[in-house]
């Protein structure tokens, strides 16, 4: 494996040496000799890599080669950079440079010559230990095996493919939680990769479990957990979102008290995923009171975590898959076409496949990974070769798995790493930077990879860095080495993470290759670390980092901080780290707020992030960083001075500016023609004309001020044909123009945010036809926008937010909005009348109407029939909405709250709400009577009623809803509904009836993410 990684490094160094000849004037002979030596060196690598496992000396040679390659890249790149910097210097600097040119070139000539000498020595050493040379004609060639492995995989990932043979386990676990009242804690234990988390997720999402419990919480505990973090997460899950800030400010004692009170009075299921030690469980469990309304489901590799000698504790140990189930799972992944009518598996492949899965020992993860490797192997010869490799990797032919020895699984999973193309090996190893269970942002990861030169030039071909990153992540996902799912809105992989066992492999390989050093302020740090000579340094969860004291490696290429909050940077001198390519200081606090000017000496830097940093002053020396492709200065809540030095960073692909730079800051950005993402661009600090040449932009966020007209904006961004996401926020005058004044003629635009005064939409041509997401706010549209918007055939999500529409009537026409799935109508204060024609919005699933106080009634007919979730708040409906909503045969969740209905009587008719499962009614202050006819709501399992002061009795029809499992209602009903009470007969069949002393805070907008964003603006 090291040989392929080195081959990748040689390729990069070869590319550096193959630049324009004029760059190497004065050192031409040394460069030519170095290229010849590299060509010679590459011919020894294959055999050296094969022999390094049996020869410590050869292994040392391979390690020395890696160091030579790194040093070579540093030397050549520094020489080229200094040449280019000299060309762009002023006259005085050029004169000084000419005076130093001879000694400088002599120094580099000696340095390059030294590299050749080191290569010659390592070749002699390898030859003396029997390493054979393979003849390579011409220039450096990538190994043929790489080219074969780089073919795109042809199998598709089945989302349920790992759920094989586990149905009986799910049924048994659900039974423990739902049917056995004496059981309090159920632990699922077994080795990593057994499918414990998959099993727990199936149970967590099971309908019977959802019916049984009022509150559900899922917590990933991990090795580095703190008790406060776990308790806070549980309370956030069980409490409404609006209390999150209050929860985060609680002391530990207050937090414990709140949780105890909550768990004493409600039925809650808490899932604690991946607890490592018995002591961890002992730290967490003080929040659980003796009252037995709560239950815990936990997963662990350690059986002793929650072992007790009483019947309230159950330890469940899933067995490995049977041979038959293993074969079924393997076929789903390795042979995705097996269900096609014409498909017939080759007999030899079947024999080899069944032989290979024996090495997996029934472990689902190992089977998935093995299947992922074989899915791209089309011939029996390929399968036979891999079968032989698996046998050679297994020690002593072990096939049994246990918690004491995971070598077999590691070998199988490691083989999936060996099968990766060399560039994907680098991509995979980079994931070792991140802590356990960490959700990695794919966009950031893509720029890390690009900054380190991992991307192959042939993969660019006009693509953005994010596009290339998506291709790489997709390959890793398809090989089941990385876990990720495409985001519904963007169709991209937005985040990813590693399975525990695959992370172990990643850390192991990173250690073998001395790929990075990990330091953590957490009590339990990464269990596999490299030495301090690593070229990459990762600090996880620091409180303080002292650069001069904590980092003592002048050859460092990457310094990355992973954190969940702010931290202090002490001794902010980077003078000894001049070879850095990646510097990520997210959420850093710098004393005095001024970034040190020595940052300008990091001329190799490609990636610099000061996102959310407490920095008030960026130095002028930042302009020296000509190679930057990623610069993130985004900050909120404070003004940050940024000097006008960005125009020279012509390699920039990603630029995020501070949200507030003050009126005095003026930035020239017209040279940044390679930008793909530009965040927080403000016309207060830059000219709109600078945008004209940024034709590669795919994401643009603009803040307008008073002096800017929409016509000027339209002229400036009209040529940005590759825009996919556009946000425009108007912080200036409300009277820019009486017309829209801008045509969004972007054929690739999918997501559009507009917060600006735009009282009219003349035609649908204002919006591109491929738009999938549209948010409008503060537009003050005078005419109904629906006739225009409903013609957007690809629109899936629409929000008309605060003051977006000032008219009274909206009509959704027949056939309109053919793809719309979510509709949010928020704070439309003048809106009174809504008409929906038949066949409008046929795919609508979620409807959210909030603070539309003049809306008196819903459309009597033709509400989209496929609606599954509806939330109505502050709407003041005069007519009973239930007869209309009851006809929605797919509706599963309904929330009516906060004076939404101002009438007296509501009726649920017989046969109405045939699929409704959850009904929440609260704060209807005029509501007096509720009639539920027999046959209504046959599948209702959860009912909330609270703060409806004029409602005097519950409907008799409740006694016929036998599916009802949970009733939550305010304390004033306790006497009437308790045993012996006059209405007890209506609720005696309900397993759980709970009474509350205070108002239930159960508000949860179905469009919660949209509402949250609205409130943050």
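The backbone N, Cα and C atoms fix where each Cβ goes, glycine too.
From a predicted model like this one, the values you see are computed outputs, not experimental measurements.
According to its DSSP assignment, residue 194 (ATP binding site) is coil. The ATP binding site annotation in Swiss-Prot covers 190, 191, 192, 193, 194, 195, 196, 197.
Positions annotated as coiled coil by Swiss-Prot, on the basis of sequence analysis: 25-52. When pLDDT is averaged over the coiled coil (25-52), the result is 67.
The domain 'NB-ARC' annotation in Swiss-Prot covers 147-460.
The repeat 'LRR 1' annotation in Swiss-Prot covers 602-627. Taking H, G and I as helix, E and B as strand and the rest as coil, DSSP gives the repeat 'LRR 1' (602-627) the counts 5 helix, 5 strand, 16 coil.
Helix, strand and coil counts from DSSP across the repeat 'LRR 2' (649-674) read 0 helix, 3 strand, 23 coil. According to Swiss-Prot, the repeat 'LRR 2' annotation covers 649-674.
Annotation source Swiss-Prot lists repeat 'LRR 3' at 675-699.
Summarising the annotation, Swiss-Prot assigns repeat 'LRR 4' to 768-791.
Long-range Cβ contacts of the repeat 'LRR 5' (792-819) within its own chain (Cβ-Cβ under 8 Å, at least 6 residues beyond either end) map to 488-489, 750, 759, 764, 767, 769-786, 825-844, 854, 1007, 1010, 1014. Sequence annotations record features per position, and here Swiss-Prot assigns repeat 'LRR 5' to 792-819.
Taken from Swiss-Prot, the feature repeat 'LRR 6' applies to 841-865.
Residues in the repeat 'LRR 7' (937-962) partition by DSSP class (helix H, G, I; strand E, B; coil) as 5 helix, 5 strand, 16 coil. The repeat 'LRR 7' annotation in Swiss-Prot covers 937-962.
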Most crowded position, judged by CB atoms within 10 A, among 191, 194 as binding-site residues: 194
Candidate with the highest Cβ count within 10 Å, taken from the binding-site residues 190, 192, 193, 195: 193
Beyond the flanks of the repeat 'LRR 6' (841-865) by at least 6 residues, Cβ under 8 Å: 808, 812, 816-835, 871-879, 881, 884-885, 887-890, 1005-1007, 1010-1011
Most crowded position, judged by CB atoms within 10 A, among 196, 197 as binding-site residues: 196
Residues of the parent chain within Cβ reach of the repeat 'LRR 3' (675-699), under 8 Å, 6 or more residues beyond its termini: 464-466, 634, 652-659, 661, 663, 665-669, 705, 707-708, 712-713, 715-717, 719-726, 748
The repeat 'LRR 3' (675-699) - residue tally per DSSP class, helix then strand then coil: 4 helix, 7 strand, 14 coil
